[in-house]
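What TrEMBL annotates here:
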type	residues	note
TRANSMEM	21-42	transmembrane segment
DOMAIN	31-474	domain 'Major facilitator superfamily (MFS) profile'
TRANSMEM	79-100	transmembrane segment
TRANSMEM	112-133	transmembrane segment
TRANSMEM	139-160	transmembrane segment
TRANSMEM	172-190	transmembrane segment
TRANSMEM	202-223	transmembrane segment
TRANSMEM	288-309	transmembrane segment
TRANSMEM	324-346	transmembrane segment
TRANSMEM	353-375	transmembrane segment
TRANSMEM	381-408	transmembrane segment
TRANSMEM	420-441	transmembrane segment
TRANSMEM	447-470	transmembrane segment
REGION	501-529	region 'Disordered'
COMPBIAS	502-513	compositional bias 'Basic and acidic residues'
Amino acid sequence: MENKEQSNGMMKENNAIKKKVNWSVSLIVAALTGAFGSSFLYGYNLSVVNAPAGYIKKFYNETWERRYGITMDEGTLTLLWSITVSLFAIGGLVGAIIVTPIVKFFGRKCTLVLNNVFAVAAALLMSLSLLAGSFEMLILGRIIMGVDAGISLSALPMYLSEISPKEIRGSLGQVTAIFICIGVFTGQVLGLPEIFGQESRWPFLFGAIIVPSLIQAVILPFLPESPRYLLLEKHNRSKAEEAFQRFLGKDDVSHEIEEVLAESRVQRNTKLVSIIQLLGTRAVRWQIVTVVVTMGCYQLCGLNAIWYYTNNIFSESGINRETIPYVTLSTGAVETLAAVFSGLVIERLGRRPLLIGGFGLMIVFFAVLTVSLTLQNTVYWLPYLSIFCILAIIASFCIGPGGIPFVLTGEFFQQSQRPAAFMIAGTVNWLSNFAVGLLFPFIQAGLQTYCFLVFAGICFAGATYLFFVLPETKNKTFNEISQAFAKRNKATLEMQEMNHYPGERKSSEEHESNFTSSVDNGEAKKGIV
């Protein structure tokens, strides 16, 4: 009889878990719409400059000659083109820096909606630059587009991590990476000679940016704001309950409300911490270091170099120039499939195996790629091995390192710390992006076929660090993840509370009373111990 009752209890618990992880329509639409107008555009702008590079350089040269009566020398043209590519990252850095006050004032969802103003402005500048005869418009558009990407790559993971149940937080977070890959692939497809990859049509590649922006601006306003933001920062319980109900697809969201309130009790208050305060908080010291390492390796592991300069790499591999656009298309397809695979298995395998395994595979294929590029003139089939290695590197990256850093940044930090944490992550992300875009052509020229060994070393360093430091965060609450780092940070939960807000000395009962009175519906919170 007792065993039967236990069995029934386990069945009820399993059913409850199944209900928890239900993918509601609102949750799916919010993730897809948010990613389409945000991370999709980031990926698209990584690859869109690749196919028309020759035509754009010709446009630069002709404009220069028309203005000054002389032809631009090769060194100046290469520098101007590198700046054009790299300034996208500088704009991203600006966006990452200004995102914290924006998401605090407007909220996560509204920030994504308003961010489309940058995307539309950038699209108009870049698409009209040829007509106006001004390459400065293209460069300015790249900077503004970077600002859009910098804001969205912080606001979107923040929004997704706060609207998703912990059981599917990793899978939903991978939507960011999947749409980056789809964006890269779309940029490659539209850049084919049969579509917009022609001298007279390349401005349409930049004008197409308007489409995802308008779709997001139309749909996203009809979806709820982050319930955590509404409850913890706006103290609006009724709106938070409505948001939870729509995102989770059920009427009883008391468990989710109590889980968020429990987090608020640990934090003692919900005031946003600044970057300086976060960096000085002992309880999150190793979380910050881990975010810096993962974001740095995300950019410095060499994949952006492949995205930016795919045509040159394939050309060096001995591929016929006419077939390069179609071979390049395979890279976008492979990374999209690998990112989808990662999203499907992340909640089964966890974050650690995918991250460390992804970096480990990249080390192997970078080494093989170096050998094949060095010896490609001696054996006729080695160029094909180089192509395989490039595809394998892309797949290895997208399985883990390509999306999980964004997921981890959302998982490591409490509500009040998250905006500052994303600002730190975004700053590291965009500075590293800028460094790769600007320096890789010179590294490639100096080291020739050995240039990818630099990236292999970075992957090795990142994998080694993560092996010894990163705990598994799958299916864990924010407080449980904090506890996993507590020993390394040499801080108990009580010390974490004091470190978060050393000026707070209120009892938990007094805090709960104050928090309850600040919620706009004025109801007593039943179930708070």
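Numbering starts at 1 and runs along the chain as displayed.
A Cβ is built for glycine as well, from the same backbone N, Cα and C atoms used for every other residue.
Remember, it's a predicted structure, so these values are computed and weren't measured experimentally.
Panel annotation: around the transmembrane segment (353-375), residues 294, 297, 301-302, 316-317, 342, 345-346, 382-383, 385-386, 389-390, 392-393, 396-402, 404, 449-450, 452-453, 455-456, 459-460, 462-463, 466-467, 470 of the same chain, lying at least six beyond its termini, place a Cβ under 8 Å from a Cβ of the stretch. Segment contact holds for the transmembrane segment (420-441) and the transmembrane segment (79-100), given three or more CB pairs below 8 angstroms at sequence separation of 6 or more.
Beyond the ends of the transmembrane segment (79-100), by six or more residues, the same chain brings 45, 49, 53, 56-57, 60, 72, 111, 118, 135, 138-139, 142-155, 272, 308, 419-420, 422-423, 425-427, 429-431, 433-434, 437-438, 441 to within a C-beta distance below 8 angstroms of the stretch. Tertiary neighbourhood of the transmembrane segment (112-133): same-chain residues 34, 37-38, 41, 59, 63, 66, 95, 102, 106, 140-142, 144-145, 147-148, 151-152, 155-156, 159, 202-204, 206-210, 212-214, 216-217, 220-221, selected by CB-CB distance under 8 Å and a gap of 6+ residues from either end. Where the transmembrane segment (172-190) meets the stretches 21-42, 139-160, 381-408, 447-470, the count of C-beta pairs under 8 angstroms peaks at 21-42.
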